[in-house]
């Protein structure tokens, strides 16, 4: 299977897993055009997986269903997803094109957000980003931290497939919080070179994220110290460390909003 991120909008990725015969699993098609263009080159849509209800992740589905009316769509139970689809949730599993994916509920960015895990791949929508995490639009910091901790416990070789290309803007904040992290410094340099070459910085290994993403390192002494300095007091617990980081990032001069 070939894993390919298709750019959409300014910074979205539509993820595709393509079999040798062209049949493909499509994750979060916010636009139809990238899929239609890929179809002209041999891609055959076989199933759509949706992580959450936001338009930049599901907006292309109606047009794709007009073209392929029997195309199965799998998405969370959410009345805001106005589609004919298979409702799935925590504990479900999907078997598509010989691949098995576990479905886990990762609330925080939205109440019903799902993540798909399988074949050493993690399709996490707007829960986990390269060097960052999604904003908390509907959930709580406690929920979002718990969701991220579930993802952090996966095998370190897992490849993280995020919904947006935010690595460089996230790196600016991460280095502000954790400036002496040499692995983070190296990642920023590598990401900058990749973007200058027109390449995606994703997927990225979970191991790399665990070493460099401040939102996955809330128990690390350096991150705890940085948030204490920012708050001008000692954080109460790890949830407050996380909530402080998220609020800090929301107001950081260089940012992207999913």
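Just so it is clear, glycine is given a Cβ too, placed from its N, Cα and C backbone atoms.
Record note: Swiss-Prot gives 52, 54, 109 as Zn(2+) 1-binding, and the candidate from 92, 126 in that site is 126. For the Zn(2+) 2 site, Swiss-Prot gives 56, 57, 126; the one candidate out of 86, 164, 176 that the record lists there too is 164. Other C-beta atoms found within 10 angstroms of the C-beta of residue 57 (Zn(2+) 2 binding site) number 26, with every protein chain shown included. The DSSP secondary structure for residue 164 (Zn(2+) 2 binding site) is strand. A distance of 9 Å separates the Cα atom of residue 126 (Zn(2+) 1 binding site) from that of residue 57 (Zn(2+) 2 binding site). Straight-line distance linking the Cα atoms of residue 164 (Zn(2+) 2 binding site) and residue 52 (Zn(2+) 1 binding site), rounded to a whole number, equals 14 Å. Ranking the binding-site residues 52, 54, 109, 164 by other CB atoms within 10 A of the CB puts 54 at the bottom.
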